[in-house]
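Below: one structure, written as structure tokens.
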Amino acid sequence: MEKKNYTVSVYTENNLGLLSRIAAIFLKRHINIESITVSQSEVHEVMRFIIIVEVTEEQVKKIVGQIEKQIEVIKAFYHKDEELIYQETALYKVRSSDFVEDFDIQSFIKKTNARIVTVSPNFFVIEKTGERHETESLYEKLKPYGLMQFVRSGTIAVSKNEMPISELLEKFNTSNTIQ
Amino acid sequence: MEVKTAGFKEVSTAETLKVSGAEAVIKSLLAEGVEVMYGYPGGAIMPVYDEIFKYKGQIEHVLTRHEQGAAHAAQGYARVTGKVGVAIATSGPGATNLITGIADAHIDSTPMVCITGQVGSHLLGSDAFQEIDIVGLSTPITKWNYQITKASEIPEVLARAFYIARSGRPGPVLIDITKDAQFESLDFSYKKCSGIRSYTPYPEVNLLQVERAAQAINNAKKPMIVFGQGVILGSAEKLLKEVVEKTGIPAAWTILGLSALETDHPLNVGMVGMHGNYAPNILTNECDVLIAIGMRFDDRVTGDLNTYAKQATIIHFEIDPAEVNKNVHAHIPVLGDVKQTLKLLLEFLQPKSHDQWHNKFRELHSTEYEKIIKNDLSASEGKIKMAEVLDEINTVSKGDAIIVSDVGQHQMVACRYAKFNSSRSNVTSGGLGTMGFALPAAIGAKMGSPNRQVVAIIGDGGFQMTLQELATIYQMNVPVKIVVLNNNFLGMVRQWQQMFFEKRYASTEMVNPDFTGIAKAYHLTTRKISERSNLQEAVQEMLASDKPFFLEVEVEKEECVFPMITTGASVSDIRLE
Ligand SMILES: Cc1ncc(C[n+]2csc(CCOP(=O)(O)OP(=O)(O)O)c2C)c(N)n1
């Protein structure tokens with residue numbers, strides 16, 4: 001089966017140690033995590049992990065099964081790229097002297113909707129949010145100038161379809177089954 | 001309070017009471033109905049031990065001689081009773097010594113709560129004396145774990161620990177408690193946990209899937225059941241039997257499913273897997289519908305996956321969604337507690353008998369009997385064979401004993417030959433294959449089931465991994481029967497060396513101590529035999545004794561266990577020699 005980019009979304013209780021529990025699931029199967037982001041979610045006190053991996057669909061299904069099995073995981077999903085709206089942010093730090101005089105690059109930055117965040121006598125910080133190929137092409141463009149620093153965030157994504165987390169939690173609160 | 005209460009359901013309220021964290025631990029255990037725990041003291045857990053002293057008479061503590069022994073004893077107790085086993089240890093080395101037992105319980109789905117002491121919370125992260133990140137270490141081998149740093153968390157966290165350990169697919173939980181939390185006082189009230197919002201222990205049953213399964217079973221011409229420990233964990237033994245009897249389907253078992261259906265049941269066709277029986281392994285690749293019940297298609301069961309039951313429609317009754325399609329694709333997965341799903345299934349099943357299909361099993365069984373079983377059981381010359389010992393135990397115990405086996409050739413022989421009339425009678429380390437498991441597990445098994453005969457079957461290698469527990473047996477006067485089958489080899493490894501490494505016996509031959517001398521030094525009644533003519537009488541003497549008894553049997557040195565599916569081979573390529 002063909003390997004592809006999959007986005008694993010995990011809704012969890014905010015619990016110490018869950019990150020290592022989840023990471024261990026990937027480690028045990030020799031699966032490299034391309035990026036991971038943890039933040040609060042739309043639900044009060046519920047966290048959301050966004051994990052990007054390049055695996056086969058069969059693998060990602062099994063991983064999601066294992067993740068969902070963890071006690072503090074409320075729900076885990078996986079999505080293909082086309083099912084998501086996703087973005088990454090990159091920061092580029094460049095030397096002011098290399099830059100100020102170059103109108104070519106300045107207009108490129110404007111064209112790509114990148115933003116100059118900081119200007120100082122010594123350096124500029126440029127920010128670009130977009131898909132991977134967009135942050136990448138700016139990287140290629142700026143590289144000849146000698147990037148002082150470069151960093152890119154993990155992918156963050158929201159799904160096109162609904163994520164019924166609140167309903168799920170509501171169901172728990174109203175069901176009386178005691179087993 | 002730091003613990004979030006949103007998302008947890010609790011039942012029963014008690015009045016509050018000011019107690020120390022350490023006392024709260026004991027009170028929580030009592031509230032969970034814990035009668036016995038196995039453990040070993042040390043600095044970071046001393047406040048709890050002080051309470052164990054004060055609560056003497058209400059809760060029993062068994063001092064094992066190694067924390068690994070404590071964990072295995074708790075497992076043995078859990079396996080025969082179905083209750084949560086409890087092990088307790090100090091921080092650092094005490095905690096790390098539990099690891100093997102926790103891993104074993106994890107892979108064999110055994111409900112267990114381990115409590116470890118931890119250095120004071122002000123010292124956490126400072127590499128203090130005996131500080132070990134046991135929560136980090138145990139993460140991949142626990143169903144859940146948690147570090148308590150405030151006394152007020154104790155009742156709620158322990159309630160959750162027991163709930164998680166026993167519900168759904170059971171497993172081990174570790175709770176680490178800092179020393180200051182044990183000293184600190186709290187207002188104690190205990191509420192049992194009955195639900196956690198992020199945790200679904202029992203998946204909802206889809207009736208449609210049950211019906212689909214029933215239809216496939218009703219239409220099958222050559223169906224076969226393979227059941228695992230899920231049947232025992234779900235207390236569904238009676239239902240399994242009803243399914244088997246109503247449909248007339250031959251039923252085989254995995255090593256951990258053993259004893260869920262009595263050995264002598266006419267529809268019980270034996271063990272699947274590496275050293276399982278000939279017929280069920282071969283016919284796995286001939287059946288038209290394979291009904292897997294509470295088993296997880298371990299590689300020791302399936303052999304080569306690419307040639308495993310490819311012709312069959314696979315129905316998988318399973319409580320853990322992560323097990324479905326993990327190793328073998330299930331055409332009809334039926335998620336849920338087998339106690340529920342089998343009950344529903346029964347309604348839809350049609351009575352059948354499958355006589356011709358049974359003849360196939362019988363034919364293949366007679367091949368195995370002629371080629372292997374007969375020789376195993378009725379040799380008249382040479383050293384005693386392992387199977388003969390099991391056979392003799394069967395005769396005397398009439399299949400009513402609990403058999404606790406260690407790991408190696410003797411384990412395979414025990415599982416192949418031991419007879420069982422009732423469930424929860426076979427205790428062995430299946431998934432992890434932990435040598436040293438049996439002796440301490442037998443202690444827990446006997447304490448959990450004091451009215452039954454408990455016989456530990458152990459190799460001369462494995463015995464030496466946890467033999468210090470003989471002291472526990474003596475001190476607590478636990479009347480277990482210990483059989484060491486001595487071949488002066490790490491037999492199972494030697495067998496592989498014989499078969500796959502041209503008899504290069506690298507570090508498998510052992511120069512052994514005087515085993516009965518050791519057992520005597522621990523004040524046990526002992527006996528050693530090497531002649532076949534003494535076997536019957538020795539087993540009778542052992543089983544008649546109401547005290548702990550140690551029997552060493554000198555067995556054939558270079559015996560091999562057959563049948564065998566060699567690694568990477570297909571189940572149907574099972575070898576008879
Ligand atoms: C803790 C541990 N170490 C190593 C092994 C690998 N191993 C599996 S079977 C076996 C030999 C067991 O020898 P013995 O206890 O004498 O039993 P026998 O096979 O001779 O019946 C070994 C070393 C293991 N299963 N567990």
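Even glycines carry a Cβ here, placed using N, Cα and C.
Over the domain 'Thiamine pyrophosphate enzyme N-terminal TPP-binding' (B:20-136), the average per-residue pLDDT in this prediction is 98. What TrEMBL lists as domain 'Thiamine pyrophosphate enzyme N-terminal TPP-binding' is B:20-136.
Marked as domain 'Thiamine pyrophosphate enzyme central' by TrEMBL: B:210-344.
Note: the domain 'Thiamine pyrophosphate enzyme TPP-binding' (B:406-553) comprises 67 helix, 27 strand, 54 coil (DSSP; helix = H, G, I, strand = E, B). Under the heading domain 'Thiamine pyrophosphate enzyme TPP-binding', TrEMBL lists B:406-553.
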Secondary structure content of the domain 'Thiamine pyrophosphate enzyme central' (B:210-344), with strand meaning DSSP E or B: 49 helix, 28 strand, 58 coil
